[in-house]
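**Student:** Right, I'll just put the structure down here and ask away after.
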């Protein structure tokens, strides 16, 4: 072995370590809320700011307040259907612009909170429309529904904020139900598919396919954006992982709970294989699992209970609303998570105020720092 090569090898090793360190730091800058991007965008063109707010709204549908996650999610929706991607983008921008014109709270606008409901309304109108893709007349109700969401959000917030509960996606659920009731399957301009109760379909038998169930768990995450294909669903899961690994874990866990609940309560296994039985469980589990509550073993069990409740309420509402031709949408997760947020008792101390909700990892760090500070003050007081 030649000793004169040792310094060169050591230098090469240090260079490689430094490169890996820079790459890791760059990746970490892309996680969480990317607050430094908001600082950078101050004073920039309004159009550029609107794009960032809109992307936060796109990602906010799955509770990931990260514009880069929004880019990945929008790409996954485009992968599934370019027409759906166009509708979702339009709905997000229209609702965000409406909120700005109405003078809604700037913090809510910059977080993309109003774009969430606009995105969902547009996606659902496109998904249930039986007129097919590129039916341009559909842009009118998409725009009107997105505007209506802002009015509902503003009105509901003035009431729910007093209870410490966010308006969430109540506006989306309300506006979508009103639209479907106003139009109907045989509307001359805006027809939509008839929604049938599960028992009207043929049972799929009692044989379970493990691979299909596994696919259904992943598809449960994608169905939040009406994506029923495995590739786009994995990309959506990756977008959540970029924002918060802990939130991605709860998304999969909640979807698994919802899928298994569907397997054990309904003979219509296609409902489970397509992810339709999992997405409400995923949403309910994410809301509680580290986002609105600081993550701990207690709140984790609370999140699991919320996922179960969301899944069973979704099955019940699907049976009930299907009799009048309406889908269950995300009513189950919205109602279950709202109920859990209104709880008091030992878990109240873990609750994160609505205006301070950030990624689960950030919430956990803030909690640890606050507890350490309180412990230090207690020791000083005793001394």
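In case you wondered, yes, glycine gets a Cβ from its N, Cα and C as well.
Straight out of TrEMBL:
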- 83-102: transmembrane segment (TRANSMEM)
- 137-156: transmembrane segment (TRANSMEM)
- 168-187: transmembrane segment (TRANSMEM)
- 234-262: transmembrane segment (TRANSMEM)
- 268-289: transmembrane segment (TRANSMEM)
- 324-342: transmembrane segment (TRANSMEM)
- 363-383: region 'Disordered' (REGION)
- 363-374: compositional bias 'Basic and acidic residues' (COMPBIAS)
**Student:** How about the transmembrane segment (168-187) and the transmembrane segment (234-262): do they have 3 or more C-beta pairs under 8 A, pairs 6 or more apart in sequence?
**Tutor:** no
**Student:** Pull the DSSP breakdown for the compositional bias 'Basic and acidic residues' (363-374) and write it out as helix, strand, coil residue counts.
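**Tutor:** For the compositional bias 'Basic and acidic residues' (363-374), the helix, strand and coil counts are 12 helix, 0 strand, 0 coil.
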**Student:** Taking a Cβ cut-off under 8 Å, which residues six or more beyond the ends of the compositional bias 'Basic and acidic residues' (363-374) line up next to it in the same chain?
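**Tutor:** Residues 246, 290-291, 294-295, 350, 352, 357.
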**Student:** Take the transmembrane segment (234-262) and find every residue of the same chain, 6 or more past its ends, with a Cβ under 8 Å from one of its Cβ atoms.
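**Tutor:** For the transmembrane segment (234-262), the sequence-distant neighbours (Cβ-Cβ under 8 Å, at least 6 residues beyond its ends) are 30-32, 59, 62-66, 68-70, 72-73, 75-76, 79, 213, 216-218, 220-222, 224-225, 227, 271-272, 275, 277-286, 289-291, 295, 303-304, 306-308, 310-312, 314-315, 359-361, 364.
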**Student:** Give the nonlocal contacts of the transmembrane segment (83-102) in its own chain as ranges (CB under 8 Å, at least six residues past its ends).
**Tutor:** 50, 53-54, 57-58, 74, 77, 108-109, 112, 114-115, 117-123, 125-127, 133-134, 138-139, 142-143, 145-147, 149-150, 153-154, 225-226
